[in-house]
Amino acid sequence: MMQNENKSDHHCHLYEGKNNILIVRRAQEFQMTLQFNQPINPSDKFQIEFYIGKTNLGVPPDSPNFSPSVSQTGNWTGRMIQQQEDECVVGITPSANAIIGKYYTNVAVIGSNGISRTQRDSGTDFYLLFNAWASMYMPSEEDRQEYVMNENGCMYQEESGGGRQWFYGQFVEGILDVCIQILDDSNMPLVNRGDAVKVCRIGSAMMNSQDDRGVLVGNWSDEYSLGTAPTFWIGSDQILLQYANKGPVSYAQCWVYAGTFNTFLRCLGIPARVITNFNSAHDNTGNIITDLVFNSIVFVRGVHCLHRNYHCWNEAYLSRLDLPADQDLGGWQVVDSTPQETSDGYYRCGPCSVKAIKEGMLGYQFDGPFVFAEVNSDVYKHKLNRQTGKTELLSVDTTYVGKKLLTKSIGGNNYEPMDITETYKYPEGISKDEETMKKAERTYKTHMQYDDEQGVEMTLEIPLERVKIGQNFQMAVVFRNLSEDTRTIHGFLVGSTVYYTNIQRAQFKQESFDVTLNPMESEVQVVVLAQNYMPQLGSQSNLRFVVTAKSMENNQDMTAIQIVNLKGPELAFAMSGPAKVNQEVFIKVEFTNPFPFSLHNVRMAMQGANFMLYREKLYSEIATGASITWMESCVPTRSGNTMIYAVLDCSVLGNVQGVWAIGIQT
């Protein structure tokens, strides 16, 4: 099967544990050597047969020796490259829409007494994958190296670019077999597995276990004792391998779903990337509006319609032959495996053309209105009358949702964020943005009128630099009096620790204030003490602040919301010397507990591609001010740049991760 030559030509040389089996990409020629028990004569007839499931593809290379009478080839083609006595080299080109998966191979010799076939030999099996270099053409080699070949990525959790780095591990031994198993577990017909759009849609459903015993079990609470906390995962490979052995894996939240789905797509050859949408909405009413209802103090309902301060999904680079050609809706497509709403009966989302979202073309499949609302819905804030139960529209915020969309920049270990907001939406207020909104409104949105001629604007300003867990910090409620009259403001601020879904975990602060405004800007300083929020924090390190205020002169009601994502302590790395292929080296990770309390049942994990396999360690207690050092012996297996990932997690502290880039020498 000429594995070494073919794998390199097909960009499949990085798949581990497959040294003796061929991996190639469709719509591109691969070569095979055939050896017979006697010299080939012009009268000899034979053909090569490929099987996947019950499908048989007989391919006759263009030579007089090959039989013209073959079974359906599906547009696979063959040619004779070289022939010498009892041996020949042939080239086989699978069709551009060939089924992806694992094939086995026969050679059939056609004689006067019928057809004789070679016996089944696992050594001639091969995997066929999607091809970003040919059948689903991505024009830039730089893009292909990033979105198909790169095993390292980042899920951004802050608009400034901070986030969680992730090991995709699409080439790790066993992962390719798991990805094909996922398609088998979905009962996806083989005939559909040549269609990348359908594979993405099935994959979106199968990454979650909501209705089909898929890969990951979601958990948006703070109780993970029956599984692994979402914050503890450092990559996809351990998740997928555990699924193959034991079934659905606990637990996941959006970045875990997105990271694992990215591995699935890249492993099968589909270019893919993880996207973070800041201030992401969840349209559970189907009207592309986000409704928030307040009483005089706090949220009453609708808070679950706004994801924390971000939500992660994937984009896959696809041809959309199922959509009108004149609309040119191919390219990047949204696919989201976090279970939010059902689509055609299953918890899945997409593929949905990013271009269609930007242009407000929401009638094309799949799930356009839902994705549009995530990035471009207006936030309608209502006030609840607790006596009548009726609501009054206070204001409409057209800029809050989809504030910024980020993905990793192109280039191996370049973790700078790339802002792709303008691929999803036009800048607010320009004519194209208004035209897009009108297109969407005509089909899906009930427009509501409100009076925005108010006298006072209110914003809630949080620290520019990220606050560390355990620090005190200040915030400011800023008012601008746009009228020529003095205004008297009565306000109320509530601080809560929140889960990923923005649902309140525990309230730790309530503060009322009164301020008199002249026709100018004024602000109220708010001090947040660590001693108040730390006992209620939990493992996800998020604080939500909601301010409600009222102008007493004209009964103007105002609301403002902000999320503060706290920064955890850091891990430190060190190595005993330079890393060289097949030579032992020691790596250590250090951590110091900076908190005024002990940490109990602390789990740590460490992993590095071509450097060390996944390893875990448990510390029963790390006392206040105490330091721990974890040292491991490693033997690098391949030269080049790699990343070492480490993570620390316990019930009261999550999001402690460290990543170290190293170079492995020959």
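Yeah, the Cβs are placed from backbone N, Cα and C, and that goes for glycine too.
Owing to the predicted nature of the structure, the values given are computational and were not obtained by experimental measurement.
Annotated active site per TrEMBL: Cys254 (among others), in sequence order.
Annotated active site per TrEMBL: His311 (among others), in sequence order. Other Cβ atoms within 10 Å of the Cβ of His311 (active site) number 26 in total over all chains.
The 10 Å shell around the Cβ of Asp336 (active site) contains 32 further Cβ atoms across the protein chains shown. According to TrEMBL, the feature active site maps to Asp336 (among others).
Under the heading domain 'Transglutaminase-like', TrEMBL lists 246-339.
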Rounded to the nearest angstrom, how far is the Cα of Cys254 (active site) from the Cα of His311 (active site)? 6
Measure from the Cβ of Cys254 (active site) and count the other Cβ atoms within 10 Å, all protein chains considered. 27
